[in-house]
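According to TrEMBL, the feature compositional bias 'Polar residues' maps to 12-21. Taken from TrEMBL, the feature domain 'G-protein coupled receptors family 1 profile' covers 106-377. TrEMBL lists 1-21 with the feature region 'Disordered'. What TrEMBL lists as transmembrane segment is 91-112, 124-149, 161-187, 208-227, 313-336, 356-377.
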Amino acid sequence: MHGCRRVRLPRPNSSVTDGQCDTRTHTRTHTLAALYIVGYRSADHCRSIFARAECLNWDSCECVDQWTGLTANRQYSMTAVKTMYAFSFRYNGVLTSILVALGLVGSLLLLKQIHSSHVFSKRLAIHLGMICIWDSLYLLACLATYGVPSLLYGMIPVYGVMAYILFLLQPFASFCVSCTIWQVFAITLERYLAVSKPLEQRALTARFSAGWLCATIAAGAFVLNLLPVPFERQLVPCFEIVGSHLRNHTLLKPFDDSNSRLYRFVVHFFPDLIFRAPLPIIFIGTMTVRTIHACNQRNVGSAHLTLQINRNIPLRLYLLNFKFILCNTLYMFNTILLELLGYGEKGLIDRYMNSFYLTDASNMLLVLHSATNWLLFYKFPMMSRVSPSIANPAEEKASNYALAQELTESALKAPEGCSMTSLRRSPRVVHKL
């Protein structure tokens, strides 16, 4: 899972077979059984939430075996879990739901503006539209996997209907995050080429349409995020002990993997490093800075050029890149700490509970990022005063076409000793950003 590691599933243990359940709660230690249903002695007042050992009626629960292997202080354990319960309800439930509502409404407004106006070029409009779609799908996946469950249960069960939801939508959320990053990557690269190598950029965009590029991005994200899922997680039958009765459930658990840490490094961390963060973020930041620098070096058509810069691209992409770095840094730190170093697997209850706070914080930053992307590009009515020189989109298009024709003719008439660099720096050349 790349983008939405909300529920850390218990690690398999060879002492428990599929379809069986242990009466101990998940503690992320390999000495405890992994596939289980918690059997409380006061079952009428309690129910089992596997991932975080939640108890609805704390006074009536006999949670004797819940924290075996972690701590002998039962009262301290219960206090820590109750604190986590309240935190999850407030942030994973209430705050996530508010951000999801904000992001969905804003993305729909931006999509409508892109469709009905000529604020953006056609190719950029496609890219921004796809970012809105990926952000909206990601927010919906987060709402289903931990927003609504946190409001209903306080914690997130990994059995019953939620097992199927988590099995499908958690990897899908990671898929949406990867698509968003690569979409920004494509925008940044195209903008940089439009400024530094305009002729090459025109040939490149003519060869690769925006639609094919978006399809390639989706296919690549599918391979990295969704293809490994059937080999990593499984849905198995299990049961819940309720008094003297048993309730049949479906439990979500990972496959038994003796080399799980090596597998996580090869399949998750290493691809994340290359295709998600920090390398794509560094590239986006570098290209954005170079694009802004190239624009500032040109001593031409200052009014037209300044207008184009203000109309969206380099500065707003720089802000978008800054948001990416801010919201993905904690995720990468969390991945290294939990997945590679095993933080919380063999420690005390403090370390175990802190690992959940880290996961919640990193996920919240990702939701905040997706919910606010539209603010960078949406043109609010109070800011919609347009200069008369470009009030007519047809005139702007004709002007851009004339500039492109001038650039092409200059290139064809250039003497043999004249480099393309000198043509690109000509004071009469203005590029649409």
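Yeah, the Cβs are placed from backbone N, Cα and C, and that goes for glycine too.
TrEMBL labels come from automatic prediction, so no person has curated them.
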Which sequence-distant residues neighbour the transmembrane segment (91-112)? Criterion: at least 6 residues beyond either end, Cβ under 8 Å. 6, 128-129, 132-133, 135-136, 139-140, 142-143, 146-148, 150-151, 154, 156, 360, 363-364, 367-368, 370-375, 377-378
Sort out the residues at least 6 away from either end of the transmembrane segment (161-187), same chain, that have Cβ-Cβ distances under 8 Å to it, and list them. 1-7, 124, 127-128, 130-131, 134-135, 137-138, 141-142, 144-145, 149, 213-214, 217-218, 220-222, 224-226, 229, 233, 235, 249-252, 275-277, 280-281, 283-284, 313, 317, 320-321, 324, 366, 370, 373
Rounded mean pLDDT for the residues that make up the domain 'G-protein coupled receptors family 1 profile' (106-377): 79
